[in-house]
Amino acid sequence: MSEFKSVVPKTINPDLQKERKAATFDVEEFATWWHDGEAKLRAKREVERHIFANLEDGYGINHEYMSHEDVYNTAVRRVAEAAPKLKALQKKLNPGGKDIWPGSLFNTHSHGLFPSNHPLATHATMFTDVIKGQGTPEQVAKWSEAAENCNIIGTYAQTELAHGTNVRGIATRADFDAKTDEFVLNTPNLEAYKWWPGGLGHTANHAMVVAQLYVKGEHKGIQMFIVPVRDAETHLPLPGIDIGEVGKKLGMVAVNQGFLGLKNVRIPRTNMLMKHAKVQRDGTFKASPASRVNYLTMVYTRCLIVNLNSTLLLEAATIATRYSAVRRQSPIEENAPEPQIIDHVTQRLKLFPEIANGIAYHLVAKHMWELYDQTVLDANNGKFERLPDMHIMSCALKVLCTTDGCAGIERLRLSTGGHGYLISANLSNIYGNAVAAYTYEGENTVLLLQIGRALIKAWRTYTQREPLSPSYAYFEEAMRQREFPKWENSWQCIIRALQYTAAHKTRIAYENLAERIAAGQSQAGAANNTGIELTRAAELHGRQFVCNIFLEQIIGEKASRRSKALNDVLENVLELFLVQTVLNNLNDILRFIRLTDADLRSLQKRLEVALEKFRPNAVAICDGFDFHDCVLNSSLGSYDGNVYARLFDAAKRSTMNQKPVQKSFENYLKPLLKANL
C-alpha cells in the first residue's frame, strides 16, 4: 500500500466535548464499577497500553483487502507473535492470573488485537477448560499444562454436519476394544462428520471429540475423548483423519472452523475424560453420579456467550451513540440549525434501550458466573441438585441475550444511516461475530423448547403440591391471586406482572398439552403441536428472571457502594429497561392483567421521560464502558469523534485507490466505452 498522509486531526470533536461536560455523574466512577474496582480497571488499561502500542499502520482494516488464505495466515502470525508477549505481561502484571494470558485470546482485548478474529479462541476457552473441568487429576496433569502453553492446540468437536443442538442424536461412535485397551472412533457416514469447531480446519492438532460410547456393544451415553488429529511435527492429518475448513462465512473470518471425519481412529482408553463417568481396564463402565453433569460444559459456554454478546452489543451502542452526537441532520424546528441526530426522540429510541439491554445482560451474566462457580463446587462435592435449574436459566439467558443483542446491533447499524454500511464502521463485523451465537451452543428455538419442557415438568410439580425449585417459586405467588392487583407502576409491580404472565402462559401451555394428549395425540406429537405456546412461556420465564436479577443488581445491597449520582443514572437505565420490557410484551400481559388506558398512557410517558433523562448521560455512559479505540475499530465510534476524517482515511486505504486506473479499463471498460451498442 502506497504511503499517504492521514487527515485525522489530533483534536476532540467539540460536540463530543460538550456531551462529556454535560454528564451528571463521574465517568471514572462508572468505569471503576463496571470493571469491578480500581485495581482491575487500572490493570486493564495497563494491558491495553502494552498490547495496542506500536501496531502497524492500518492494523484494524488491512485484513479486509486480503485473500481468504492471507487473512487466516496473518491471524495465525498475530497470535503467535502476541502469545509470548501476553504471557510475559501476565507474569509481570498479575503472576498466576489468567486475565491477560490466555484471557486476551477471547476477552474484549481480543476484538482489538485480532480484528479478523483468530483460530485459537476455542482452544483457550473450551479445550483447556474442559480438560480441567472434566478430567481426572492424572489427565489434567498430562494435558492441561501442554494445552495452556500451546504445546498442543485443541478444539471442541461436538456439532456434526447433520446434528447440532440435539446432542443425543450425535452419530460419532467410540467403541471400547478391551484387547488393546483403546477406543476406536468412527464417523459412520457423512452426516456424522464434525462440523464447525473453531480452529479445527488447519490449526488444531487435537480435538475434544464428543461421541456415543459403546462398551461390549452396549450404549453408555455421550462421553468426551481427546483425539490427536495432526502430526506434531509435520501438521499433516493422521491416519484415518479427514479434516479441513468449512469455507467462508458471514463473520468470524479467521476462526478457521473445520470439519472432521474419523475412520477407525484408535486412542488410548485414558484419552476419555473420566472425572465423572469411567471405563476401567476390564471394560467395566461406571456411570456419572449425575446424568446431567456434562451439561456443565454447555452452561460454562453459554455464560461466556452472554459475556461476549452483551459486550458486542455495547460496542455497537458506543459506536452509534458517539456518531449520533456528532452527526447533524434534519432540523426539528423550521429554519433552525441542523441538530445532533441524538436530539431526535426516534433516534434515542434506537440507541438508549440497547445500552440498557447491554448493561442488563452484563450484570445478569455476572450473577450467573457466581451461580456457576457454586454449582461447580457442589458438583465436586457430589451435589448435583443445582444443575437442572442452572442449565435451564443459562439456556434462557443465552437465548434472550443473543436474540436481543443481534436485533439490537442491527438496529444500531441502521441508526447510523449509510455510513454504518461501511466495513470501516465495524458494525457489520460486530454483527457477524454476534449473530453466530444465535445458533451455536444450542439453536435458540430448540433451547426455548427445552425450557418449555422444564416449565411443564415444574407446573406438574406445582399442581401436585410438591416443593418447587427456586427458579419456579413465582408460580405459587402468581396463582395465589384470582386476578392481578391494581397496577401501581412500581418496578416490583412490573416484575410481578411478568411473573404473573409467565405463570399463566405456562398454565395454558400445560392445559393445551394435556388436552392434545387426551384427544389421542402422542406425548411427542402433542409437545410439537404445543411448541408455539411453550416457546412463548419459556421466553417470558427468562425475561422475568433477567428483570428480577437486574433490579437486585441496581437497587440491592451493592448500591450502597456507589455514589448517589451514579445510582441515579443506573436507576434510570433500570427504569428504561423495565418499561421497555413491559411495552414489548403487552400482547401477552394484557391477556391476563387489566391495564386501563391511563395505565398504558403512563407507561408510554415513563418511556419518554426515561429517554429524556438518559439523553445528557448517553455519551458518558458509553465512555464508562472504557472501550479502547482499537477494540471498537470504527471510523464512526472513535473517542475523538472525528468521524468524517476517519471515514475518508479508511476510504483512502482501499487497495483499489492505490492505482489511478484499474487493469480492467484497457481490457474491458475502454472497449465498452468505444463500442457502438
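Cβ atoms here come from the backbone N, Cα and C positions, even for glycine.
According to TrEMBL, the protein carries these features:
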ACT_SITE  Glu441  active site, proton acceptor
BINDING   Thr159, Gly198  FAD binding site
DOMAIN    26-153  domain 'Acyl-coenzyme A oxidase N-terminal'
DOMAIN    156-265  domain 'Acyl-CoA oxidase/dehydrogenase middle'
DOMAIN    295-456  domain 'Acyl-CoA oxidase C-alpha1'
DOMAIN    491-674  domain 'Acyl-CoA oxidase C-terminal'
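The distance from the Cα of Thr159 (FAD binding site) to the Cα of Glu441 (active site, proton acceptor) comes to 9 Å.
The predicted model assigns the domain 'Acyl-CoA oxidase/dehydrogenase middle' (156-265) a mean pLDDT of 96. For Gly198 (FAD binding site), the same-chain residues 6+ apart in sequence whose C-beta sits under 8 angstroms from its C-beta are Pro119, Ala121, Thr122, His123, Thr155, Met252, Val255, Asn256, Gln257.
Among the stretches 26-153, 156-265, 295-456, the one making the largest number of Cβ pairs under 8 Å with the domain 'Acyl-CoA oxidase C-terminal' (491-674) is 295-456. In sequence order, Met298, Thr301, Arg302, Ile305, Lys398 make up the list of same-chain residues 6 or more apart from the residue listed as 'active site, proton acceptor' whose Cβ falls under 8 Å from its Cβ. Applying DSSP to the domain 'Acyl-coenzyme A oxidase N-terminal' (26-153) sorts its residues as follows: 87 helix, 0 strand, 41 coil.
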